[in-house]
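Record features, source TrEMBL:
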type     : residues             : note
BINDING  : CYS91, CYS95, HIS179 : Cu cation binding site
DISULFID : CYS91-CYS95          : disulfide bond
TRANSMEM : 20-43                : transmembrane segment
Amino acid sequence: MLAITWVTASPRGTDMKRSWRWIGLILAGVVLAVILTTAIALLSASRPRPQAETAAGPGGPFRLTTQAGDELSDRDLKGTPFAIFFGFTRCPEICPTTLWELSETLQRMGPDADKLKAIFVSLDPARDTPDMLATYLQSFDPRIIGLTGPEDKIAAVAKAYKVFWRKVPTEGGDYTLDHTAIVYLMDRSGAFAGTLAYRENADTALAKLQRLVAGKAP
């Protein structure tokens, strides 16, 4: 009699093969996921961000009136670095102190001071007329340019430079102003380059303006 022997795969061996197959599939999936994640991250990093996603620094267009009655715009300043400060002529302390210190720094700079513009923008245009600015600025370096204009234009410039300011009622129906007390430093292209703090150390302020004129970050 012919004996027929059936050969069957070991259940244990089959399970092992299936296990390795699943492990291979899982590893392949993990590798694919890593590759896809990396590719998406690289594409996102290289994609230009929409303008709305980019926080703009202080600065922006303006067209205001100087203490001499002339118009001055941001376009007139292209190619020239400038220091710009916002205040008002009836300011009791911050404004005169800042303008006096800025005047001292300009004098210490020597000829380099003529390579930049120093600007004082009034936040109180209702009272700070060109004539009022001209009289007020006589106490400081003659190179400081005073600017005023309609209230809506002043508000727009202050917003562009991220200046905080508000009217504060005083006795007798009058008012004063609370406002940002820093000087903004803008480079030749009109881009924000740094600040001078209120009561900035004199040598530090000098170094910042010298670097601004030289085209370096203050």
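Keep in mind that glycine also has a Cβ here, set from the backbone N, Cα and C atoms.
Bear in mind that TrEMBL entries carry predicted annotations, made automatically and left uncurated.
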For HIS179 (Cu cation binding site), nearby residues of its own chain (Cβ under 8 Å, 6 or more apart in sequence): PHE86, GLY87, PHE88, CYS91, ILE94, LEU123, VAL163, PHE164, TRP165, ARG166
For CYS95 (Cu cation binding site), nearby residues of its own chain (Cβ under 8 Å, 6 or more apart in sequence): PHE85, GLY87, PHE88, THR89, PHE120
Collapsed DSSP category at CYS95 (Cu cation binding site): helix
Cβ atoms near CYS91 (Cu cation binding site) (within 10 Å, other residues, all chains): 20
Additional residues surrounding Cu cation, by Cβ distance to the CYS91, CYS95, HIS179 centre under 8 Å: PHE86, GLY87, PHE88, ILE94, THR98, LEU123, LEU177, ALA181
